[in-house]
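Below you will find the structure I want to go over with you.
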Amino acid sequence: MLNALTRDRLVSEMKQGWKLAAAIGLMAVSFGAAHAQDADEALIKRGEYVARLSDCIACHTALHGQPYAGGLEIKSPIGTIYSTNITPDPEHGIGNYTLEDFTKALRKGIRKDGATVYPAMPYPEFARLSDDDIRAMYAFFMHGVKPVALQNKAPDISWPLSMRWPLGMWRAMFVPSMTPGVDKSISDPEVARGEYLVNGPGHCGECHTPRGFGMQVKAYGTAGGNAYLAGGAPIDNWIAPSLRSNSDTGLGRWSEDDIVTFLKSGRIDHSAVFGGMADVVAYSTQHWSDDDLRATAKYLKSMPAVPEGKNLGQDDGQTTALLNKGGQGNAGAEVYLHNCAICHMNDGTGVNRMFPPLAGNPVVITDDPTSLANVVAFGGILPPTNSAPSAVAMPGFKNHLSDQEMADVVNFMRKGWGNNAPGTVSASDIQKLRTTGAPVSTAGWNVSSKGWMAYMPQPYGEDWTFSPQTHTGVDDAQ
């Protein structure tokens, strides 16, 4: 039998043991919760990066709108559509989407209600997104994005093109089956990562690959042949240039370092971003990791050249000499001297990382003159980035020069300094471009169309001396 003193001591020791066990259990629970929270935060952070890779914010944010709340006007060949609200708002956004719903929308272009989204969303490329990347992006949109109760705008498309059910047929006809994740057949892991970035989240082919009769991207990878990344159709009256290794009109004269710097800052010594690519750099690629930029560059430099005309010859100095003598009655030369030479120089070399060269520039000598004509008429903006914080604006000349004068200077630049671009731009071409938005050429579409126009926001404030650029480049920069 235990005496009272012994019994009390045992009870006291048992209580102390219970307290210690409870404390240890509480610490374990707290540690587990903290560890889970850290894991969740890491997943959200990873998802934010994947969303940057995919450039979601550029399309799903209206000019001066709230991030990811949609409302961006996109003028397609069949009518106007508006990007949707992808914040976690349960009524107007995707707050009620499960991970399965989210995955189906990204990879198949099918909404929670079963309707097919318009292929302005690059879901054929997003089908390449890995399970881990989709899971991370879902965590970001559900827990890292502020919900915005903004109702989606209805598309402005005439019947019968407004019907969505044919989009399922379009998907079946033109969207190939994709294997998610990195292509395991590529032996070099860095090149494989670059291929994944270019053809998956980066969806580069949406602009840099020509389109077919159904307005579909002609090729989603090297299996598509020479069309793949060989230069796109008119989108916002900009022609995305070839990303193949062609010396004249592609990346043949670019180094890997050039590509990395271009994607990070928007400018290198011999080129600068223009049109929609300004948005891509501002919103997406400047935020990519150095390893991902290097992988992208390495993959692009692995791409072979495709057959092309001889659009660049040897500069014999005659263009520079003509300009040094005042143009001597050459209409295009005189327009150039009075409006262009102060930045792009008489020898067409420009100023490194400020005013791109015109001599040998792929944008100038490419077969389709639409981009050059568009920047002459409407101007352009070199956006500020973290690594190159200065913005540079080129004014448009549509209110200063006649259509004939703009045509003259475009033709002059396409034939000067050894440039040997084909064709001639007329005053009528400029007039249509300026007033109706019709591209000078529609070769990339295989159809007569003004192409897509996505009025994109830019990360500029009202206090800048130029109005915020739109994806059309119609920014009226001062």
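Sequential numbering from 1, following the chain as shown.
Positions of Cβ are set from backbone N, Cα and C atoms, glycine also.
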Of GLN37, GLN286, GLN404, which does Swiss-Prot mark as pyrrolidone carboxylic acid?
GLN37
List, in sequence order, the same-chain residues at least six positions removed whose CB sits under 8 Å from that of CYS204 (heme c 2 binding site)?
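The answer is VAL198, LEU229, LEU243.
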Around the C-beta of CYS59 (heme c 1 binding site), how many further C-beta atoms are within 10 angstroms, looking at every protein chain?
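The Cβ of CYS59 (heme c 1 binding site) has 24 Cβ neighbours within 10 Å.
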Could you pull the average pLDDT for the domain 'Cytochrome c 3' (327-417)?
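Looking only at the domain 'Cytochrome c 3' (327-417), pLDDT averages out to 93.
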For the domain 'Cytochrome c 1' (42-145), what are the DSSP-based totals of helix, strand and coil residues?
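Secondary-structure breakdown of the domain 'Cytochrome c 1' (42-145): 44 helix, 12 strand, 48 coil.
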Starting from the Cβ centroid of CYS56, CYS59, HIS60, the recorded heme c 1 site, name every other residue in that chain with its Cβ within 8 Å, sequence order please.
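Apart from the listed residues, the neighbours are ASP55, ILE57, ALA58, THR61, TYR68, GLY70, LEU72, SER83, ILE86.
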Hey, how far is HIS60 (heme c 1 binding site) from HIS208 (heme c 2 binding site), Cα to Cα, in Å?
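The separation of the Cα atoms works out to 21 Å.
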Mind tallying the domain 'Cytochrome c 3' (327-417) by DSSP state, helix then strand then coil?
39 helix, 10 strand, 42 coil
